[in-house]
Amino acid sequence: MNFFSNSYNNSRQNESQKSKLLICKYTRSFSKTFKKDIKFIQILFPSLIIKSITTLIFLFLFLMFIILDVYYFDRHNPLFLNEDVMKKFGMSRISVTNNHQYYRILTATFFHSNVWNLIINAYYLMNIGIIVEKNYGKRHYATMMLLSALCGNLLMCATSNCSDMQMGISTILYGFMGLFLQEIVDRRKELTDMWNIFGNYIFALLSLYLTVNMFPFNGNFIGNFGGLFGGFCYPYLLKRDTFHGEGKKLRIIFSILLILLLISTIVTLIVAKC
């Protein structure tokens with residue numbers, strides 16, 4: 001009797017640990033779309049919270065695109081920004097290194113080259129971002145987005161060709177994926193079905209990669225990896241309640257790696273001009 005009781009308790013404890021993972025919350029949120037009494041907006045965004053930073057950024061992204069598209073309207077490609085507009089607002093290595101427009105490393109994040117990039121990025125932002133914001137709180141959420149954007153855009157800019165133009169929030173989306181991965185790695189010993197959860201994570205990551213990279217000027221592989229690395233490092237750096245024993249060593253290791261990444265990319269942008 002005790003054996004079955006312990007097995008039941010262990011099973012419930014494992015389910016409890018599993019339910020706290022962001023990747024599980026993300027995959028579980030889509031089950032709401034199969035309910036009978038559900039609004040159309042909930043089918044698109046199952047975890048929608050109106051009063052959130054994510055929703056404000058979502059609206060801001062569309063507002064910026066509409067303003068640019070209307071002001072610099074191109075009747076031949078009305079849903080795309082022309083090359084001259086992208087040069088004015090996007091991020092390229094030559095604009096940062098030669099023209100010293102370092103602000104573009106962050107500002108280019110909030111512009112999109114065409115409406116399809118915008119729709120795809122905004123869709124993932126709403127479905128993943130709200131879950132992260134609800135779990136971590138507004139302050140940590142905003143800080144993590146900033147860290148992911150910096151890591152991803154700096155690495156993207158330092159390794160791209162001089163004339164390559166990039167814009168969009170893809171580095172932030174990959175930062176969310178890095179956060180998901182960190183949770184799985186951190187709790188791997190507590191999960192009996194870790195490989196099942198990891199499989200769900202790989203599926204979510206691949207779906208993000210295939211859709212986000214369908215269109216040009218929406219980040220590149222190296223830049224998105226930088227965003228993922230920033231999101232993965234964030235809990236080790238700033239969430240002090242997770243530091244127990246081995247966590248202190250991991251904090252030092254990832255702090256050093258993150259500092260090396262930031263310094264090396266900044267030095268590259270300053271020294272290696274186009």
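Cβ coordinates are placed from backbone N, Cα and C, and glycine is handled just like the others.
Among the features that TrEMBL reports, transmembrane segment is placed at 48-73 (among others).
The feature domain 'Peptidase S54 rhomboid' is assigned by TrEMBL to 100-239.
Long-range contacts of the transmembrane segment (115-132) within the same chain, counting only residues at least 6 positions beyond its ends with a Cβ under 8 Å from a Cβ of the stretch, are 22, 25-26, 29, 44-49, 52, 54-55, 57-58, 61-62, 65, 69, 79-80, 141, 144, 168-170, 172-173, 176, 179, 208, 211-212, 214-215, 217-218. The annotation transmembrane segment is assigned in TrEMBL to 115-132 (among others).
If you look up TrEMBL, you'll see 197-215 (among others) marked as transmembrane segment. Distant neighbours of the transmembrane segment (197-215): 18, 21, 23-24, 26-27, 113-114, 116-117, 120-121, 124, 170, 173-174, 177, 180-181, 184, 191, 221, 224; these residues of the same chain sit at least 6 beyond its ends, with a Cβ under 8 Å from one of its Cβ atoms.
Outside the transmembrane segment (221-238) by six or more residues, the chain places 140, 143-144, 147-157, 159-160, 166, 170-179, 181-183, 186, 209, 212-213, 247, 250-251, 254-255, 257-258, 261 with a CB less than 8 A from a CB of the stretch. The transmembrane segment annotation in TrEMBL covers 221-238 (among others).
Feature annotation from TrEMBL assigns transmembrane segment to 250-272 (among others).
For the domain 'Peptidase S54 rhomboid' (100-239), the predicted model reports an average pLDDT of 90.
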